[in-house]
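Sharing a structure with you now.
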Amino acid sequence: MRLLAGRPSWTTRDLTPGVRVVLGAVGLVVLLATWQAVVAYGLVPPGVLPAPTEIWPAWINEVSGGFWSQAVLDSLTHYSLGLLIGSALGVGAGLLCGSMPVVDALTGGAVRLLRPIPGLAWAPFAILWFGLNTAGATFIIAISVFWINFYAAYGAVRAIDRDLYEVAAAFGHGGFVGRMLYVVLPASAPGVMAGLRTGLGQGWMSVVAAELFGAPGVGARMLQASSLLATDVVVVYMVTMALLYALTDVAFGFLSKRALRWQG
Amino acid sequence: MEPLIRLENVALSHDGGGSFVFRNIDLSVVSGEFIAILGPSGVGKSTLLRVLMGLVEGSEGRVILSSGSASKMGGRAALVFQDARLMPWRTVRRNVEFGLEGIGLSRTERRQRVERALALVGLADEAGRWPRQLSGGQRQRVGVARALAVEPDLLLMDEPFGALDAITRGGLQAELLSIWEKTGKTVIFVTHDLDEAILLADRIIVLAGSPATVRGDLRVGPRPHDPSSPAMRALAGRLRALIGGEEDPGVGPYARFEGI
């Protein structure tokens, strides 16, 4: 809806998708060009920042050496497992706490106590309990993803229009299972989906953190490279992760839009 | 004739103590009747409907079903809400199917019932649409279809047309009467609109006061009912007096009601 009288100025005008894509590309080119110029004109000391043109050869090098595919495979394993476990538990716990006041009250204190502890702070325990391996990294990622999904699901359930429960009861779905299946799950889906999507991004951040402690993967490879001042390799993996995230985010966005097409 | 459902001295208090929403409610509903429960806003009409439905338990008295024992109406009654209350994530078809799931009906049987109900409310062509794509009147008709699909003995309607514009409301009132004539359902229709009660019902139960009690139980007379005819104007006058209580049927409380 446009409330302004007259023509909107170019700053407030709605953009067509095509224009948006072109502008996005322009912004990216400007960033890369500035970056290249900064390095090329020696505005930063040599070795501190690799130029964009150095990234591609470094990438080829990593791929041909087999490091890239191994690191990506390891990280994807940590990421998928951690995301799956953390999301499932987070959504499940959030839905349960949101729809059962008794559970909510019982867990309220524990939640407040545990919530502020970042996933990374659990690293010593992850190493002690699981070791420097897939299980340890998965644990750290799962914890970070858990809370996002817990609060998203919890909030989504609490925001459900209470009248819908009465409709469910009036049409024979008044029991706990009926309420969950016919009201809570579908009604909270948009909020749960938003939480899952945030978790997709948070998961990649945690991958790096979890692997910095030595579990093999993209994060570990970045740590090795940075200790050798191979900044170009560090950037290769930064870009790799950004692309992987973009891929998962676009795929999820597509699925979520389909699942929530009732929202229009 | 044995009543389909009977309320005996039913009372409801929210705090379980002395402050009653309504009390001493005696009401017998015979199969096939179209009953209007008329009263001012906030008097407890909707709550009484929920007691009939079994969604709210009365604090005193008994609800007796034709089968004998006091128990809930369960699948034998269906409720139409004032604000349609469709599930936004379900298509029209799936909304109408809502009360048919998990009760052991075959897929074919469910489909047939949904189609019949949608045809009755004239929405057969909108089955695949989402609630957000419907007008207020269409949404309300889906709500009616959802209730009809469970093939209830008792159709309970909670001011179903109260939120609609006058033109849409008039159309839906006529449609409801035609559905009632076709299906022979027992209908209990809550409204605060005198003309609507007179137009639709065989029998009007007046609920008023605080705590609310049944102030009157009037037969409307042969159909069709024209609320503007002299006989019906006279009936409306009586209804107003009943709502207003004994004192001064000309100006007092009932004038306030009329102004709603």
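Cβ atoms here come from the backbone N, Cα and C positions, even for glycine.
From TrEMBL, for reference:
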| type | residues | note |
| --- | --- | --- |
| TRANSMEM | A:21-44 | transmembrane segment |
| DOMAIN | A:72-256 | domain 'ABC transmembrane type-1' |
| TRANSMEM | A:79-101 | transmembrane segment |
| TRANSMEM | A:113-132 | transmembrane segment |
| TRANSMEM | A:138-157 | transmembrane segment |
| TRANSMEM | A:164-185 | transmembrane segment |
| TRANSMEM | A:234-255 | transmembrane segment |
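Surface or core, plus neighbours and distances: that's what I need for these features.
For the transmembrane segment (A:21-44), the residues of the chain that approach it from at least six positions outside its boundaries are 15, 50-53, judged by C-beta separation under 8 angstroms.
Residues 107, 111, 134, 137-158, 179-180, 184-185, 188, 192, 195-196, 199-200, 203-204, 206-207, 210 of the same chain, all 6+ positions outside the transmembrane segment (A:79-101), place their C-beta atoms under 8 angstroms from a C-beta of that stretch.
Nonlocal intrachain contacts for the transmembrane segment (A:113-132), taken as residues 6+ away from its ends with a CB within less than 8 angstroms of a stretch CB, comprise 138-141, 143-144, 147, 206, 209-210, 213-215.
Sequence-distant contacts of the transmembrane segment (A:138-157), counting only residues of its own chain at least 6 positions beyond either end whose CB sits under 8 Å from a CB of the stretch, comprise 78-79, 81-83, 85-87, 89-95, 97-99, 111, 115, 118-120, 122-123, 126, 129-130, 184, 187-192, 194-196, 198-199, 202-203, 205-207, 209-210.
Beyond the transmembrane segment (A:234-255), the same-chain residues lying 6 or more positions past its ends with a Cβ under 8 Å from any Cβ of the stretch are 50, 55, 58-59, 62, 68, 71-72, 75-76, 196-197, 200-201, 204, 207-208, 218, 221-222, 225-226.
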